[in-house]
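A.B. asks: Residues or ranges marked as Fe cation binding site in Swiss-Prot (evidence: a large-scale study or a structure entry): Cys26, Cys28, Cys48, Cys51. Marked as domain 'DPH-type MB' by Swiss-Prot: 4-60.
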Amino acid sequence: MAVFHDEVEIEDFQYDEDSETYFYPCPCGDNFSITKEDLENGEDVATCPSCSLIIKVIYDKDQFVCGETVPAPSANKELVKC
């Protein structure tokens, strides 16, 4: 069982669109991070690369659902929308 340093709402994170990663300041001076893909996969733990602390990310999992299929334009195929 993991021991979380804190529980933080996703709205309190900074989002980097280029890397599709959410960041939150860690007490050690670095940043906790979690990717959009991690959230889509149901992950809720953000880690710090510089220390052993982890935090639980509080978010609405329905906003990060991956796997919805949509018709592909001009094709007889379906695409997965993420």
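Using N, Cα and C of the backbone, Cβ positions are placed for all residues, glycine too.
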A.B. asks: Tell me the residue counts in helix, strand and coil for the domain 'DPH-type MB' (4-60), as DSSP assigns them.
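C.D. replies: Secondary-structure composition of the domain 'DPH-type MB' (4-60): 8 helix, 25 strand, 24 coil.
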A.B. asks: What are the sequence-distant neighbours of Cys26 (Fe cation binding site), meaning same chain, six or more residues apart, C-beta distance under 8 angstroms?
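C.D. replies: Those within reach of Cys26 (Fe cation binding site), by Cβ under 8 Å and sequence separation of 6 or more, are Phe32, Cys48, Ser50, Cys51, Leu53.
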A.B. asks: Starting from the Cβ of Cys28 (Fe cation binding site), draw a 10 Å sphere and report how many other Cβ atoms land inside it.
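C.D. replies: Result for Cys28 (Fe cation binding site): 13 neighbouring Cβ atoms inside 10 Å.
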A.B. asks: By the count of other Cβ atoms within 10 Å, pick out the sparsest of the binding-site residues Cys48, Cys51.
C.D. replies: Cys51
A.B. asks: Give the sequence-ordered set of same-chain residues, not counting Cys26, Cys28, Cys48, Cys51, with Cβ within 8 Å of the centre of the Cβ atoms defining the Fe cation site.
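C.D. replies: Not counting the recorded site residues, we get Pro27, Gly29, Asp30, Asn31, Phe32, Pro49, Ser50, Ser52, Leu53.
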A.B. asks: Taking the domain 'DPH-type MB' (4-60) alone, what is its mean pLDDT?
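C.D. replies: Residues in the domain 'DPH-type MB' (4-60) carry a mean pLDDT of 96 in this prediction.
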